[in-house]
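Engineer: What TrEMBL records for 85-312 is domain 'G-protein coupled receptors family 3 profile'. Taken from TrEMBL, the feature transmembrane segment applies to 85-111, 123-143, 155-176, 249-270, 282-304.
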Amino acid sequence: IDEMQWPNGEVEIPSSVCSLPCKTGQRKKMVKGMPCCWHCEPCDGYQYQYDETSCKLCAYNMRPNANRTGCQPIPIVKLEWHSPWAVIPVFLAMLGIIATIFVMATFIRYNDTPIVRASGRELSYVLLTGIFLCYIITFVMIATPDVAVCSFRRIFLGLGMCISYAALLTKTNRIYRIFEEGKKSVTPPKLISPTSQLAITSSLISVQLLGVLIWFGVDPPNTIIDYDEQKTINPDKARGVLKCDITDLQIICSLGYSILLMVTCTIYAIKTRGVPENFNEAKPIGFTMYTTCIVWLAFIPIFFGTAQSAEK
């Protein structure tokens, strides 16, 4: 035996086995008809080594550990305040809030001047409040999801735009009725006083709030961890996304009433485009509604076509 020579200059006697032991994270696949022989197959995907001959799939919220001998929880992520996806919207929202507060302060300071009174100051304050809420929702959307945050998201998601469009619709409708009535008689139309305008706007806004209350009753707000969005082929890159239990369809439905108000306001804006130049509310409102329609037409397909991600 000592004088035997083995290939490649090896000194030790070669192992006389059919198959070598499998490495950690591999299972034995037995060779048919040869009970002492097997092939080693790695446990792949989200599988771990259960015993010598089998792999098992990890639980829905788990992934295999580094050597695939067991499972470990999938890390949970959310939109962070320091992320560029959050920093840029927050910066723009702060600019918008400052501008809105500046305009509101200017209105309050010159509250009794003819130009502010002629602009319909009551509805202007309502409109500014709606714009302010549109900027505030940015911070609610980035905040760490919990029951309170999810509740505020449902309330304010469509409320800011609803208030803004309700005020614009009431303004535009008032202009339209004044000029339509003026063609027929010198008697002013009904419900054009500031109090009436606020009542009409409030009734339009209450429809949105009623819808949100029904939503709360049918489906109470809650948080979920979505493991499907970022469950990649490579388990090491898998992440669970902490978010509110609100689907894309529910978001669109929440904004649907605002879209209806916007379309109706656009129709009235088109009808009032021929009013005299000195009645200067109608044309800026018209321009606003046309551009808003374009933005919304772009938003809906982009929103539904965006790849699922934690930043969405």
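Here, residue 1 is simply the first one shown, and the rest follow in order.
Using the three backbone atoms N, Cα and C, a Cβ is placed for every residue, glycine included.
Unlike curated entries, TrEMBL annotations are predicted automatically.
On a predicted model such as this, the values are computed, not experimentally measured, just so you know.
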Engineer: Among 85-111, 123-143, 249-270, point out the range having the most Cβ pairs under 8 angstroms from the transmembrane segment (282-304).
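Structural biologist: If we count Cβ pairs closer than 8 Å to the transmembrane segment (282-304), 249-270 scores highest.
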Engineer: Ranking 85-111, 123-143, 249-270 by Cβ pairs under 8 Å to the transmembrane segment (155-176), which is first?
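Structural biologist: The stretch I would name here is 123-143.
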